[in-house]
Amino acid sequence: MESKWRKIWGLIGLLLLNFVNNVSSLSLTITKVDCVYEIVRSEGDIVSGNFVVVDHHIFWSSDHPGIDFSITSPGGGILHNLKGTSGDKFSFKAPRSGLYQFCFHNPLSTPETIAFYIHIGHIPNEHNLAKNEHLDPIIVKIAELREALEAVTTEQKYLKARDAVHRRTNESTKTRVIGYTVGEYILLTIASVLQVVYIRRLFSKSVGYNRI
């Protein structure tokens, strides 16, 4: 019995270690084309992630072409392709093991900073586990729960990144509004002072003519 639980905890530790090793969070500066390469070790692994162009709400005009994003399998097939986007989520089941390519294309010469997050999840089956009718279902359930938790974490990271972009946009807008308001007050003050000076000159000229 003790040996069984030792094996269970050992496999749980390996699963958690595998979870940590298969998570990547990157910040990329894209000038033209930049690619990230990730190795998927088993067919059927779940590859998920998201990306957001940082500060696009501030610097992009309404006619900005956006960023292109594509995912290429080891065999050269396009699994995911987006055109003219500022960010999105992706998730797919790997059709085969091997090196997968995640590429960003910036159509303009202005560098763009992208927050990129990717996770490769693996749920073992009965062929890669020890032949134990009680142990197999436990490990599979743990892996499934781990992947469900990772899906929630991925969604939270994506929403957090989007929220950070919106917050920076709001702060920038607030700063510009305050600047415009202060500028208006300064212009109104200058205009008021000029009006007072002009009226005083008119009165002084009028008094001078009356004396004559």
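Every residue, even glycine, has its Cβ placed from backbone N, Cα and C.
It should be emphasised that the depicted structure is a prediction, and the values quoted were computed from it without experimental measurement.
Feature list (source: TrEMBL):
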DOMAIN    33-120  domain 'GOLD'
SIGNAL    1-25  signal peptide
TRANSMEM  177-199  transmembrane segment
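Taken as a whole, the domain 'GOLD' (33-120) shows an average pLDDT of 89 in this prediction. Per DSSP, the domain 'GOLD' (33-120) is made up of 4 helix, 54 strand, 30 coil.
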